[in-house]
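Asker: Below you will find the structure I want to go over with you.
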């Protein structure tokens, strides 16, 4: 069952959610209602036995092409919507930062593969953290992973709200007793409530299909922008400034978030038939995504100039049919993400519940907690509906650590007796660069978010 579950989850192609499920490795115990042999004192609530680890290590069946599609699908997500906005605000010279981060994240992906080579029993990003820095390393990495998932869900909900305003613009709706709830907020609440029952699903295979259209949705957005330019409804004739140095810290978070996905790469590595090709998979996947981001960034910035929206779909001409398709693709994507994103929390929660509780009671508790968490996310998203600032803050505060500083730190610690001086200097430089970029980006994006909130409340 564990092998089958691993294969089904490995096929999930979309960025923030799909392979995050595999951070939890005791799900087979839950699905089969068997006796769980996991150590519930662990932050993730489980430690696999040696036999299970060996069996799982041998169960990889992912081909090179399949791995490339999975990794590309994980990388392409919310980040691509904001690349035109980031390029316009940072200047065309900031594309070197975008491409440079692509190179850096390709290397840190390669480094994670090297860390897994050193300890074949490692199954997840948190396992590598524990191998490098003990229990504190596991706690730290798992905390950052869960923060990123939470903030990503907030960003998805904001995106859902923003695009619903456009796609369902029409008469105003008012509910008796709730006079302050705008139509767009009401529709967003309804959309989230529609997705709410998916949190009660216990069988991971029942929700894996929700993520299968991720790459397709992203390609729909890209093709929509291209078609809008090609068919002449919007001319790509705006000039892009060379560089706005003061905006670089803030937009760096948007760029970094576009490459966020490293915490699931160890699971991809383990799912491959030939893990030795993992570095090639990383090179192909990051190169393809970087080309897509760069093309979309320049095209969107040239088409809409300073008026480009933080979400490129909201800049497209509303009367065009292709725009409607792009908007609906952007609206439907978040609704499919909630169950997948919540799965790591849900499975760990269920593992930590007393064995004396019945399966039915565990399901009720799991669903109830998930419902409360989703309502908290909904409230936060409606209270802070500023997509670009939240996404930038997520990238600078969390993603930069997961994509840059942690992998290099893990590699240095695990390879310390044998690491060469040039490689050591390179990884130390990446840690320093990532730390500086993260601190400056967090301060800048937090300030902008606070200013925007104060401005909104003062009007």
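Don't overthink the numbers, they just go from 1 along the chain as shown.
Just so you know, glycine gets a Cβ as well, placed from its N, Cα and C.
Pulled these from TrEMBL:
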type     : residues : note
DOMAIN   : 61-443   : domain 'Amino acid transporter transmembrane'
TRANSMEM : 64-86    : transmembrane segment
TRANSMEM : 92-112   : transmembrane segment
TRANSMEM : 143-161  : transmembrane segment
TRANSMEM : 181-201  : transmembrane segment
TRANSMEM : 213-231  : transmembrane segment
TRANSMEM : 251-269  : transmembrane segment
TRANSMEM : 281-301  : transmembrane segment
TRANSMEM : 363-384  : transmembrane segment
TRANSMEM : 390-412  : transmembrane segment
TRANSMEM : 424-443  : transmembrane segment
Asker: Based on Cβ pairs under 8 Å, which of the stretches 64-86, 92-112, 143-161, 213-231, 363-384 lies most in contact with the transmembrane segment (251-269)?
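Answerer: By Cβ pairs under 8 Å, 64-86 leads among 64-86, 92-112, 143-161, 213-231, 363-384.
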Asker: Count the Cβ pairs between the transmembrane segment (281-301) and the transmembrane segment (390-412) that lie under 8 angstroms and are 6 or more residues apart in sequence, then report whether there are at least 3.
Answerer: no
Asker: Where among 64-86, 92-112, 143-161, 390-412 do we find the most Cβ pairs under 8 Å to the transmembrane segment (363-384)?
Answerer: 143-161
Asker: Please give the sequence-distant neighbours of the transmembrane segment (92-112): residues at least 6 beyond its ends with Cβ less than 8 Å from one of its Cβ atoms.
Answerer: 83, 86, 125, 128, 240-244, 248, 251-252, 255-256, 258-259, 262, 265-266, 269, 278-279, 282-283, 286-287, 289-290, 293-294, 297-298, 301, 403-404, 407-408, 410-411, 427, 430, 433
Asker: So what's near the transmembrane segment (64-86) in sequence-distant terms, Cβ-Cβ under 8 Å and 6+ beyond its ends?
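Answerer: Cβ under 8 Å, 6 or more out: 10-16, 18-19, 94, 98, 152, 155-156, 159, 214-215, 218, 221-222, 251, 254-255, 257-261, 264-265, 268, 271-272, 274, 277-278, 280-282, 284-286, 288-289, 292-294, 296-301, 303-304, 308-313, 315, 330, 387-388, 391, 395.
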Asker: Counting only residues 6 or more past its boundaries, what in the same chain has a CB within less than 8 Å of a CB in the transmembrane segment (213-231)?
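Answerer: Contacts of the transmembrane segment (213-231) (Cβ under 8 Å, skipping residues fewer than 6 from its ends): 13-15, 18, 69, 72-73, 76-77, 80-81, 292, 295-296, 299-300, 303, 312-313, 316-317, 320, 322-323, 325-326, 329-330, 332-333, 336.
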